[in-house]
Structures are given as structure tokens and as C-alpha cells.
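Worksheet: one structure, shown below.
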Amino acid sequence: MTAAVANPINVTHAEGDKVQPDANKLVLNQHFAVPESNAFGNSFRNYEAESKRNRRVEEFYKNSHINQTYDFVTKMRERYNKLNRAEMGIWECCELLNEVVDDSDPDLDEPQIQHLLQSAEAIRKDFPNEDWLHLTALIHDLGKILILQKFGGLPQWAVVGDTFPVGCRFDESNIYHKYFKDNPDFNNPKYNTKSGIYKEGCGLDNVNMSWGHDDYMYMVAKENGTTLPNAGLFIIRYHSFYPLHKHGAYAQFMNEEDKANMKWLHIFNKYDLYSKSKVRVDVEKVKPYYQSLIKKYFPEKLKW
């Protein structure tokens, strides 16, 4: 069961980074200043900058694009849909991310719990009344626990990075598209047309995405009966789907609900990307607030 967004805002996009609602004057960067460079002094999502980290990122995407096949995704969804790895609360899961650093991220190499809190705190300043959005930011990357041995110890290419549909043609907007040529699905006539096995307008819920932390956390939240609004679940599942929300690729699969939820994903994405910093959030200071939101929207213990 999901709840409707409290006091929903009808958001339309204006020039630059500003997002203007019809009724309430809301400016995206009211408090949050978008930095000019990431933690390494490069522009954000700059995959061309020559660096040891970017070489590591490219190798990551090579492995991802070769191995993320339709069959692989189907097997992963069947395996993890059992939710039999652990039983724990949301905050307990947040603390596990102290052990995780994302190899696909060219912008930050801090433990993931800091990224969660950085993005959540940035959103909280500009959207003080949308507590569901604060919590969505906190939990959006919790699925990265798949890297840990207790949760399968999956390789990073099967957990993090930009996501994309499988079962249809790999759009050229995907980062490092050249490596898809070695994916077994690349030349499969069943999968290599624009819509592949899907129908236009079928809804993104009916499209199989590359397996990773997004799909896993979406599965965990939904199956454990969260009361987050549909927009929150949409953000969790598609926040890494850059080919769609940055380039408009694969839009032929969207239905009307997807299009409405994209407004919130575009808002969220700014904070998810540009809040990354070497300046750490005081975890103990903000912990009580986020624990209150967890109690509001989730059961005390979840199956993972």
C-alpha cells in the first residue's frame, strides 16, 4: 500500500536549475548552491577526465555492459525476490553502508552513508514540508548492501552505476555504449529493436531494468509495505536511469503515471548528484529526525 503525496505540488520546469510550481513559489537552489566541481576538482559526471579513478570507472562499466543481460536480470530478480537474506530496520541498514564505496561514481569516494545524508539534508533545506522526499533521499541507495557478503557479495557491476532496460536495444545515450557490443543480447533479434519485447506505453513497471541497488531497494520497500508515496518508489527505482531522465531515451515505454513522477525525479536528481562533498554530515545530530521518518513510513523490521 502506498499513500498519496501530502499537499502535492504541480511542478513545471523553468530556465536553468529552477523548478517552479503553479501555486507555491519554489526555487530548487533556494538554499543549496550547486558546486562548480566535484570532490576531485572535475565537473560532475565527467567520464573523460584522465585520472586513476576514471580508468577504474570505465573498467566498471565495461563489465556491467557486457554482463547485464536479460537472462542475468531475470535470475537476480528471482533470487532476491525471496527477501531471505536478513531481517533488520532501515537505520541499521544505513549503518552498513559505512563499509561501502561506489566504484562507479566519478564524483565521490566517501562511504555511502555520507552520500545518503548529504543528499537528504540538502533536500530537507529546500523542501521542509515534504518529509517523504527527505526519507527517500536517505534510503535511495540502501540497495548497495548487495556488495556485502551477507547479501550475496555481488560484484560492483551488478550493484551500482547507471541503469538501463534489458530486453530491447541498448540506446547510444548509455555511458560507454561501445562495450555493449560484447553483450550476448546485442545481436539477438529478439532484444535488439527499439522496443524489443515491450510495447510502447506499457509503463516502466513492466520493463526489466539492469540489476542493481535501485531495483533491489524498490523491491524491499514495496514488499515490506512502505507507505511512501508512489513518487518516492519511482525515485528509488529509477534514480540511476540517466539515459531516461537526462537524455530522454526509452521514453516510449512511459505511461501517464511515469510522466507525472518524472517531475519529482528531476527535482531529486539535482540533490542526489550535486550534494556530493568531502564535508561530512554529523550523523548523530541528524539521526533522531530520520529515525522519526523511518517509523512513520516503514515497519520496525524489514525482510531483505
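Easy rule for this one: first residue shown is 1, then count along the chain.
Cβ atoms are placed via backbone N, Cα and C, with glycine included.
Under 8 Å, Cβ to Cβ, and six or more positions away along its own chain, Ser240 (substrate binding site) finds Val160, Gly161, Asp162, Thr163, Gly212, His213, Asp214. As annotated by TrEMBL, substrate binding site applies to Arg45, Asp102, Asp103, Ser104, Lys144, Gly161, Asp162, His239, Ser240.
Taken from TrEMBL, the feature Fe cation binding site applies to His115, His140, Asp141, His213, His239, Asp272. Within 10 Å of the C-beta of His115 (Fe cation binding site) there are 26 other C-beta atoms, taking all protein chains into account.
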Students should find that the Cβ of His140 (Fe cation binding site) has, within 10 Å, a number of other Cβ atoms equal to 26
Note on Fe cation: the CB centroid of His115, His140, Asp141, His213, His239, Asp272 has further same-chain residues inside 8 Å, namely Leu116, Ser119, Ala137, Lys144, Asp214, Ser240
Cβ atoms other than its own within 10 Å of the Cβ of Lys144 (substrate binding site), all chains, total 28
Asp141 (Fe cation binding site) has its Cβ surrounded, within 10 angstroms, by a count of other Cβ atoms equal to 25
Sparsest Cβ environment (other Cβ within 10 Å) among binding-site residues Asp162, Asp272 belongs to Asp162
